[in-house]
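Comments concern the structure below.
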Amino acid sequence: MLTVTTLVQLMKRTLAVGAVALAAVSLQPGTATAGPAPVVGGTRAAQGEFPFMVRLSMGCGGALYTQQIVLTAAHCVSGSGNNTSITATAGVVDLNSSSAIKVKSTKVLQAPGYNGKGKDWALIKLAKPINLPTLKIADTKAYDNGTFTVAGWGAAREGGGQQRYLLKANVPFVSDASCQSSYGSDLVPSEEICAGLPQGGVDTCQGDSGGPMFRRDNNNAWIQVGIVSWGEGCARPNYPGVYTEVSTFAAAIKSAAAGM
């Protein structure tokens, strides 16, 4: 029987083969859930609704931190350094659209000290800027509450395939205490934030990894509070989604981006 600890190693929400640096076990098709998750219980997003959303070719999501840098999850990449193997797709909700903007990566920066637990953020520099709105990140915990929006091209059900169209859903904040009652010591409360419905049914899933969790700020602008990271299955009752707490790493992200 898989323990929660083992599951955490498997449930990073990315489909990228070889990109989950911490995975010690390889999943065969049809087993548990080790891939970028789509949004379970979501509805289709409108064209232009979330213009900062990015789909990454390794099977993860991301958001435009700047017009030339994508913020995603550390477990979606294999390390830091020059990297021209990733293609970012932006500007569309339909990945098959002829209007899609596709740009190659030039460099990747994985969070310093990332070892598979916490610190799940990374930056990908693109070969050229994408002329689309960016997503501001929270640098204070003031927005780490309320109801959040998640979006992605990941699976629409646990074990399902990736989606052609961008899906969106709303999920409520879950306290650290409540989240720890589900995940125990696997949760890093100082670095992670949880969200989801107690009864399940709405969640990010395989293929959504690295995508943003966001809400409106005091000026009614979108602000990113989380990065899709991991969870037990998708949309299961009493197992909320776990997200990197962006405000905790805002200064480090800003500094790293400036050095790229």
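Yeah, the Cβs are placed from backbone N, Cα and C, and that goes for glycine too.
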Which one, Cys179, Cys205, is listed by Swiss-Prot as the other cysteine in the disulfide with Cys194? Cys179
What is the disulfide partner of Cys234 among Cys76, Cys205, as given in Swiss-Prot? Cys205
The rounded CA-CA distance in Å from His75 (active site, charge relay system) to Asp120 (active site, charge relay system) is 6
Could you state the CA-to-CA distance between Cys60 (disulfide bond) and Ser209 (active site, charge relay system) to the nearest Å? 5
Take the C-alpha atoms of Asp120 (active site, charge relay system) and Ser209 (active site, charge relay system) and report the distance between them in angstrom, rounded. 10
CB neighbours within 10 A of Cys60 (disulfide bond), counting all protein chains shown, number 35
Check the domain 'Peptidase S1' (39-258) for me and report the mean pLDDT. 95
